[in-house]
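Everything below concerns the one structure shown next.
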Amino acid sequence: MNSPQPASGAAETSEHALMGLALDEARRAAAAGDVPVGAVLVSGSGEVLAVAHNRREVDGDPTAHAEILALRAAGVGRARWRLDDCTLVVTLEPCTMCAGAIVLARVARVVLGAWDEKAGACGSTRDVVRDSRLNHRAEVTGGVRAEECAALLTEFFAARRDRGDEAPRPSR
């Protein structure tokens, strides 16, 4: 799969700052015991429409990923589901579910921090958001503040292992 390169110049500065907001959200998720992923959705004019972080554990909702929550909040805030002038900034490459939602919401652009070699769907394991067979494709810029984003995830999972924490298992 092709891994896009980070943008340069003024756009890179803006992406860097927006990724800082997404990292703040990811830290909120970690503090609540959820996987530290944060997302920021901005309009074409640069207005922040939504910020969100993972809430799967807190809400008991398998779909409560940061990206989904940001898309929902922006759609409600704008009273429209089409987010075709928007950029989604997220600390971890979106999974297949989130990539599908990005396509359905017609998001113009995705800026991601860390690549997800196990479940990423924006270029790592598959490329849902740029699949020419679908009715919409998003531009992807990857690797923005990648080391910070990856370190947050690594530290979170290392701490869980050190404590002997595991993901909750269903009882049968």
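Every residue number used here counts from 1 along the chain in the order it is shown.
Placement of Cβ uses the backbone N, Cα and C atoms for every residue, glycine included.
If you check TrEMBL, you get these features:
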- 13-141: domain 'CMP/dCMP-type deaminase' (DOMAIN)
- H65, C95, C98: Zn(2+) binding site (BINDING)
- E67: active site, proton donor (ACT_SITE)
Check: same-chain CB within 8 A of Zn(2+) site center, minus H65, C95, C98: A66, E67, I68, P94, T96, M97, A99, A101, A121
Between E67 (active site, proton donor) and C95 (Zn(2+) binding site): CA-CA distance (Å): 9
Cβ neighbours within the same chain of H65 (Zn(2+) binding site) - under 8 Å, at least six residues apart: V37, N54, R56, P94, C95, M97, C98
Largest tally of Cβ atoms lying within 10 Å of a Cβ, found at which of the binding-site residues C95, C98: C98
Neighbour count (Cβ, 10 Å) for the residue listed as 'active site, proton donor': 27
Counts by DSSP class (helix H/G/I, strand E/B, coil) across the domain 'CMP/dCMP-type deaminase' (13-141): 48 helix, 28 strand, 53 coil
